[in-house]
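Participant: This is the structure, below, for whatever I ask next.
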Amino acid sequence: MIYAQILAGGKGTRMGNVSMPKQFLPLNGKPIIVHTVEKFILNTRFDKILISSPKEWMNHAEDNIKKYISDDRIVVIEGGEDRNETIMNGIRFVEKTYGLTDDDIIVTHDAVRPFLTHRIIEENIDAALETGAVDTVIEALDTIVESSNHEVITDIPVRDHMYQGQTPQSFNMKKVFNHYQNLTPEKKQILTDACKICLLAGDDVKLVKGEIFNIKITTPYDLKVANAIIQERIAND
């Protein structure tokens, strides 16, 4: 089976003094998360669409989805303490509720990236079915500088080899779950990216080309940019 998981477990502290997590903030009259989920319900290949939410915001998430979207594939579940635990909670939910096979894949995506395209979703599904681990990326536009002590430059990697990670990130569910279970508690604490889990296990991670407008709405400035993108699209329709 093919699952989508919308990662809406964060609290959005970088958004500043707001009354709710950033995924529920309005974007052109609808919550950001609704714009994102709308992209996924258009794809008929998904058997279920999981929305991972903070426990205290699950009812709010369900109410928002029901207000704007009618699709019985959608299930709101509890997120985890961090990004990777949220993904693993999704896999645990699937295993307990529907059962898990060797071929099941999951397409995980940030709730606050509402501008992903049908192409990106399709290529993630195809690549995950083929390789078992996928990251969506764009070429790095700026030179990347590394500093191990946060004071002086320790390395400047070749920009042609650098990419900026986006989402979706997609995985064979059994594989990534087993890799995660094999990590030490210390590794689990420091790893913030699920693709790194697969890399550490020796798996190849396929690259899917993202889009520069597939932005993550994290700060008030990002929200202004997102509104500008929508207004431009409305004007061009």
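Cβ coordinates are placed from backbone N, Cα and C, and glycine is handled just like the others.
In case it's useful when we look at the structure, here is the feature table from Swiss-Prot:
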BINDING   L7, A8, G9, G10, G80, E81, D82, R83, N84, E85, T86  CTP binding site
SITE      R14  site 'Transition state stabilizer'
SITE      K22  site 'Transition state stabilizer'
SITE      R159  site 'Positions ribitol 5-phosphate for the nucleophilic attack'
SITE      K216  site 'Positions ribitol 5-phosphate for the nucleophilic attack'
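Describe the structural surroundings of these features, if you would.
Facilitator: Applying an 8 A CB threshold to same-chain residues 6+ apart, the list for T86 (CTP binding site) reads L7, G9, S52, G79, G80. Secondary structure at T86 (CTP binding site), as computed by DSSP, is helix.
The Cβ neighbour count for K22 (site 'Transition state stabilizer'), using a 10 Å radius over every protein chain in view, is 26.
Counting only same-chain residues six or more apart in sequence, the Cβ atoms lying under 8 angstroms from the Cβ of R159 (site 'Positions ribitol 5-phosphate for the nucleophilic attack') belong to A140, D142, T143, I144.
In sequence order, D110, V112, R113, Q166, T167, D222 constitute the residues six or more apart from K216 (site 'Positions ribitol 5-phosphate for the nucleophilic attack') in its chain with CB-CB distances below 8 Å. K216 (site 'Positions ribitol 5-phosphate for the nucleophilic attack') carries neither a helix nor a strand DSSP state and counts as coil.
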Participant: Give the sequence-ordered list of residues that share a chain with N84 (CTP binding site), lie 6 or more positions from it, and have CB atoms under 8 Å from its CB.
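Facilitator: Counting only residues 6 or more apart in sequence, the Cβ neighbours of N84 (CTP binding site) under 8 Å are Y180, K188, L191, T192, A194, I197.
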Participant: Other than L7, A8, G9, G10, G80, E81, D82, R83, N84, E85, T86 themselves, what residues in this chain have Cβ atoms within 8 Å of the centroid of the CTP site's Cβ atoms?
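Facilitator: So the additional residues around the site are S52, G79, I87, N89.
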Participant: So the record assigns L7, A8, G9, G10, G80, E81, D82, R83, N84, E85, T86 to CTP. If I measure every Cα pair among those residues, what is the longest distance in angstrom, as a whole number?
Facilitator: 12
Participant: For G9, G80, listed as binding-site residues, tell me which one has the smallest number of other Cβ atoms within 10 Å.
Facilitator: G80
